[in-house]
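The block underneath contains the structure these notes are about, expressed in structure tokens.
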């Protein structure tokens with residue numbers, strides 16, 4: 001009821017409100033939901049090693065002083081063939097595109113630990129960027145802590161940007177003597193090529209902006225100010241039909257390198273996002289953390305655990321039905337949910353020997369719900385075969 005009231009009420013506007021709508025896009029399992037949760041400071045979006053954990057678009061809300069960031073956590077960009085294979089809703093093909101239409105800034109997340117995909121943006125991501133070239137975009141290299149050979153970050157960054165960031169060519173200054181044990185900071189600086197006379201410390205970005213970019217792996221010692229996409233200096237935008245041999249996008253404004261799971265360098269990105277906000281009315285009350293209802297959060301967290309513990313395609317056929325949602329006398333929450341599966345064999349798998357699997361799912365989901373709702377949660381799960 002409280003969440004419903006907050007969402008329906010008019011936002012408590014400050015005197016000079018600023019707002020930024022951020023679309024986070026990327027291949028499935030790049031870490032979009034993990035990054036969103038870290039930016040929000042609470043677990044609001046489901047996270048799993050399995051692809052397509054996020055099935056619909058949901059909004060996260062960060063309110064800091066007079067600024068509101070609205071995070072559009074979208075499903076991983078996929079294509080009709082993969083969607084059919086995973087029995088995914090049609091919304092999963094359209095939601096990322098809808099999010100792009102409403103975004104002021106796009107974060108493109110790339111998993112650098114995946115050596116099969118890290119050196120090129122997926123065709124779906126490139127298509128998305130080329131359809132909305134007017135929206136400023138930022139490249140975020142995620143899971144850099146897993147990458148043992150940190151020098152590969154240079155190669156990856158160059159490939160994914162076609163060697164151009166904010167309209168300037170990338171250069172490399174080796175700083176291998178630096179302590180490269182840090183999770184997120186690569187053992188080199190990426191700098192932008194510029195005339196020698198303009199290479200002075202303290203650019204038009206301003207001191208605060210420089211601080212926010214310290215951990216991003218970008219050393220902006222050139223005169224690259226402003227917020228242009230670099231269209232004048234860089235190559236022309238790629239049309240969708242010309243994406244066949246394209247690996248990167250030469251119109252990113254910044255590159256950030258982080259480890260979302262551990263929160264490493266997430267604050268650096270958050271500070272940058274707050275600085276990009278433009279004057280405009282807030283969309284949500286300052287107490288709102290997400291546009292989702294508590295039931296939707298609950299469904300997503302339980303589904304995340306089901307995905308985690310069941311093999312391959314089995315979890316995608318599970319239907320969730322909440323039978324009981326009651327608040328106790330002391331503020332505790334009692335939730336009873338039925339998990340409906342298509343086959344008897346799936347039921348046995350989900351229950352597990354001696355009920356171990358379903359017990360573990362209920363225990364872990366219950367703990368996550370307590371951390372999210374900040375109250376005691378008693379969660380009971382039942383497994384039934386669909387009628």
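From the backbone N, Cα and C atoms, a Cβ is placed for every residue, glycine too.
Among the features that TrEMBL reports, compositional bias 'Polar residues' is placed at 191-214.
The compositional bias 'Basic and acidic residues' feature in TrEMBL is assigned to 234-244.
Marked as domain 'Era-type G' by TrEMBL: 18-280. The average pLDDT computed over the domain 'Era-type G' (18-280) stands at 72.
As a summary of secondary structure, the region 'G1' (26-33) carries 2 helix, 1 strand, 5 coil according to DSSP. The annotation region 'G1' is assigned in TrEMBL to 26-33.
As annotated by TrEMBL, region 'G2' applies to 52-56.
The region 'G3' feature in TrEMBL is assigned to 73-76.
The annotation region 'G4' is assigned in TrEMBL to 142-145. Counting residues 6+ beyond its ends, the region 'G4' (142-145) has Cβ neighbours under 8 Å at 30-31, 35, 109-113, 153, 183-184, 186, 257-262, 264 in the same chain.
The region 'Disordered' annotation in TrEMBL covers 183-244.
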